[in-house]
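Okay, so here's the structure we're looking at.
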Amino acid sequence: MGACRIQYVLLIFLLIASRWTLVQNTYCQVSQTLSLEDDPGRTFNWTSKAEQCNPGELCQETVLLIKADGTRTVVLASKSCVSQGGEAVTFIQYTAPPGLVAISYSNYCNDSLCNNKDSLASVWRVPETTATSNMSGTRHCPTCVALGSCSSAPSMPCANGTTQCYQGRLEFSGGGMDATVQVKGCTTTIGCRLMAMIDSVGPMTVKETCSYQSFLQPRKAEIGASQMPTSLWVLELLFPLLLLPLTHFP
């Protein structure tokens, strides 16, 4: 009789523990979006379906936005359950205007359906395309932002304050993402640092590679321009010596 009573108590305990585990499981919104948007702050809809997570997992929502002057905006957005990370809200501006802009927002939270941001109005507040009066007349750069690769990259005038042309390729993986984004344009950033040498955005990993030819071309032009007067000066000195064999003395 005592053994049966113990088994009964154990069964009740297991049922309560099982019910407690189910209660503890978190529900999160889940979606992955990769798109080009004209005005993501006003038009992007970030509502998603809900799924039950495994015990101990958190909710996360992460978005990365990249834009060049005169182009649409690339949006990479992810919502999911995650097993790693702690509760935190992060906003990072990797590259600031004028020229190219790259920013991200990330929210890791521990309550059911807490990754519930439905728009980017509070995240994307980038100024409108730079006015023509603020454009530099001396620098032009190929300009495009595209999913995959740029089919065309027209040469566009750069805004005052930009320092170089950027040409880079970003490869994303993780967080349900597997995508490549090509970016070209005027920027204030020096070198291959559109993402400020940061290799992760929320659950996504990032690999940034660049064409350094575009960084070197302006410098090569300057060197060539500085050497030309020297070459002409040397030729001017050598010219009388070259004429000596042709001179006849009486």
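Think of each number as a place in line: the chain as shown, counted from 1.
Positions of Cβ are set from backbone N, Cα and C atoms, glycine also.
Feature list (source: Swiss-Prot):
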SIGNAL    1-25  signal peptide
CARBOHYD  Asn45  N-linked glycosylation site
CARBOHYD  Asn110  N-linked glycosylation site
CARBOHYD  Asn134  N-linked glycosylation site
DOMAIN    141-215  domain 'UPAR/Ly6'
CARBOHYD  Asn160  N-linked glycosylation site
LIPID     Gly224  GPI-anchor amidated glycine
Quiz item: Given the model, what does the mean pLDDT over the domain 'UPAR/Ly6' (141-215) come out as?
Solution: 93
Quiz item: Hey, what's the Cβ neighbour count for Asn45 (N-linked glycosylation site) at 10 Å?
Solution: 10
Quiz item: Mind checking how the domain 'UPAR/Ly6' (141-215) divides into helix, strand and coil residues in DSSP?
Solution: 4 helix, 42 strand, 29 coil
Self-check item: Cα distance (Å, whole number) from Asn160 (N-linked glycosylation site) to Asn110 (N-linked glycosylation site)
Solution: 45
Exercise. Pop the Cα-Cα gap between Asn160 (N-linked glycosylation site) and Asn45 (N-linked glycosylation site) into the table, whole Å please.
Key: 34
Quiz item: By a simple count, how many Cβ atoms lie within 10 Å of the Cβ of Asn110 (N-linked glycosylation site), its own Cβ left out?
Solution: 12
Quiz item: Looking only at Cβ atoms, how many others are within 10 Å of the one on Asn160 (N-linked glycosylation site)?
Solution: 12
